[in-house]
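Peer 1: Below are the structure tokens for one structure; questions will follow.
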């Protein structure tokens, strides 16, 4: 099912992991087959249907509680299945509009209950769960591109007898899902093969035909037909290469006589309207906004009545157009990738949406200038078929002939250069061996020319390398090998030598040597490229020259030394985004993951196995570099990289563990990886490696724990594996700032669990952390303060921070500018302020004023954290009312924050206002600043946290003047009644208190009674919470008194209440 969704299903956007399923015949067919499979699954495979998914499938459903019948417990709008797993969790849970399902048996029942909404439910489920197999069977059995060994690993478990029954059911289940995938793909292929496929030539003919109907006069059918780009690739397409892979041929803007301009995409599958492509990068503009039509004429007939009426009257004889001059383009370095501003160039004619990376080259009046296609387009597979044939010719000749031909081709390619418009060409002869390579900026491109102006500035190595490159270009096989060996004798770590190789055209030669079939030449070339690719400019030049594509192909080589060198070079080059993307787009991620398959933890390894381990190490290095991209992380997971990384994590060798843990800690930013790290048992290995002697490995392990400890299960595992004490021990490595940052980060996230805080308390961690509050970089301080903020939730730790002198450095940090640090500092200061002794120190250091000033910070996270910290400060300060009034403009500032759109800011400010309003003078001031209408405006919220503190603030503000009346007039009473239906008990208490204060006004009592408050309050009068009891009873009493007074006013002769039965 996962592969079919990835390959056959048609989504609304090109980005993986987003979008909706399009309403197309192919998708409808897929959904119906999946629906039939799910419907019949329980009856055909009863044992597998009861298998509990690793993670539930969750989606937004249209089903309601009334749709469910027997076998389900219904409580209001919520539904739970009576069927549970071994831990007692229901296999189905509905909390409208969200539904959560744990097994196929419940899925089968859902589609039966949905009746005519069955297809919609299947669609919603698949859109919310793009890889359902991963959730059903776990991340290790997720959908994998290419060869998948997950079933083999499961079969191994069956044979070993380890949880054999469960593993056998898993095997059966994944085989059934793979059979479904095969069936879905086969049927989709049949359906797609029956569709009409357009070609670039057919589209071009249609466009030329339509242009003939754009003439003036009565016979005019269309106003204009224009391409959005005048550049035409050798394959006939006019779309960017990254859209050609989706079958798109060109984009048109057609202006009919009777409608708005039509933005049209022509693709191999047909033609359709798009969102109006105006510039590169607007992914949503490429989306289809209409049905797909078989050709342009059919689309125009559908959209333009004038065209449909007059087209049949036209003479379809195509007139020959006068020959036009073809505009040629050359391609510049990818400005977006390198962070350069895109350059603008003059155009001879107006293009509709020309790509910024293409450049218009104007021929000089005196003569013609021949332009070569950019090397980068060749590397993307868009060169002419004649050039491709020339690259591959003579493969059946003897090795010496092939080598000679390759050398000749390298000579030509190395001498190739393109002069850019706007730059003066250098005075070089055709025999000059120097050629410029693509580099990061114009300034870099000019460096070789500037350096050659003064020969005395160049060291002797420069000229020696130039001679060696000449031998590489023109020598035979033996001379080439000798030249490569001689080049390696230079200090290739020196920048002068690195740039010398680039400047004299050596990079092109070295990269072209990778295309030969001589192993020695490939190895020699890769050894040099591996060393010099540590230079930033060299890395970009290698990517521009197509070196990465060739190296990715070498990963398939049977020679293990070659694979190692290629992987290590890829690891060096893939340090920037475009290079990482190139590796992924050319299948490099899958090949690199395959390199990880080895047996690293055996006691005695054969020579071949040792080579396999080295190959795996180099593959892990390359994946580490590539894993800095979000899409590459997903590609590694889909290629089956997680279980292989888990296996390599058990290696006893540090040089293997560093890239493996480095890759894992990069990928741990994704939730799917964090879950896999838990389930694959990797936390234990990470904790074990915290005790090693290698600081770099310790740093990566701590960083991985830092990212994974966002989840409670991981925090518990770290404690259970006794990983907290090694983290505290690593705090002594204060000189290693990277290790210290990772360690303090791990301690901070682990401290979110109070059980871990107790352990840190035993290990005296807080005392050490307080000592790190000064003279540390910000990345360390953020983590240290975060850990202290979590630890200060316990009273004993608050006293420890004070005794160790931690209050003053914390208050001093309130004057910083780092947003993340300010959020953590305000939380820590607020936690410490709950102790009166700590509050006295904070007040003396003017900490409250600093906190109040942070309310002006533009970051809503800082505003919210500061407001939360102010609450305990007001509560525990001596004469807090006078202190608050002493802040000039402070009360107006906090009232104005009620205009924020951030719910956390609103909740924290309401909590602060509830504390401020305890002082009568302050309450009068904030009333004058308009606090009542602002609070009333917020009452329609559905957020329980905001409801709680908003109700508290309203209750306090009612105690001044005519505020109760004003709240009623502002419409705050009726929404407050709805708060009593919340499931949060703290909301009930605060709301009951607010209603009690509001019920002291007769009009408010009437509004409350009309909105059904009495029934809700009567139930709460029986609560075990005394505050809630008292407030509910008081509100009901006030409403009852008003009713009695009304009765007496209407019937003055009624029997007195004392005499009533």
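A Cβ is built for glycine as well, from the same backbone N, Cα and C atoms used for every other residue.
Among the features that TrEMBL reports, region 'Disordered' is placed at 336-458. TrEMBL lists 344-357, 390-415 with the feature compositional bias 'Basic and acidic residues'. Marked as compositional bias 'Acidic residues' by TrEMBL: 433-447. Look at TrEMBL and you will find 546-588, 640-682, 889-931, 971-1004 tagged as repeat 'ARM'.
Please situate the listed features within the shown structure.
Peer 2: Listed by sequence, the residues of this chain that lie at least six past the ends of the repeat 'ARM' (546-588) yet keep a Cβ under 8 A from its Cβ atoms are 334, 337-338, 375-376, 378-379, 507, 511, 514-515, 519, 522-523, 526-527, 529-530, 533-534, 536, 539-540, 594-595, 611-612, 614-615, 618-619, 621-622, 624-626, 628-629, 631-632, 635.
Taken together, the residues in the repeat 'ARM' (640-682) have a mean pLDDT of 91 on the 0 to 100 scale.
Tertiary neighbourhood of the repeat 'ARM' (889-931): same-chain residues 852, 855-856, 860-861, 863-868, 870-871, 874-875, 880-881, 937-938, 941, 943, 945-946, 948-950, 952-953, 955-957, 959-961, 963, selected by CB-CB distance under 8 Å and a gap of 6+ residues from either end.
Within the chain carrying the repeat 'ARM' (971-1004), a Cβ under 8 angstroms from the stretch's Cβ atoms is held by residues 935-936, 939-940, 944, 947-949, 951-952, 954-955, 958-959, 964-965, 1011-1013, 1016-1017, 1020, 1023, 1025, 1027-1028, 1031-1032, 1034-1035, 1038-1039, 1042, all 6 or more beyond its ends.
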Peer 1: What residues elsewhere in the chain lie close to the repeat 'ARM' (640-682), defined as a C-beta under 8 angstroms and at least 6 residues from its ends?
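Peer 2: Answer is 54-55, 134, 138-140, 142, 144, 148-150, 153, 593, 596-598, 600-601, 613, 616-617, 620-621, 623-624, 627-628, 630, 633-634, 689, 692, 694, 696-697, 700-701, 703-704, 706-708, 710-711, 713-714, 717.
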Peer 1: Looking only at the repeat 'ARM' (640-682), how are its residues distributed among DSSP helix, strand and coil?
Peer 2: 32 helix, 0 strand, 11 coil
Peer 1: How many of the residues that make up the repeat 'ARM' (546-588) does DSSP mark as helix, as strand and as coil?
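Peer 2: Reading the DSSP string over the repeat 'ARM' (546-588) gives 32 helix, 0 strand, 11 coil.
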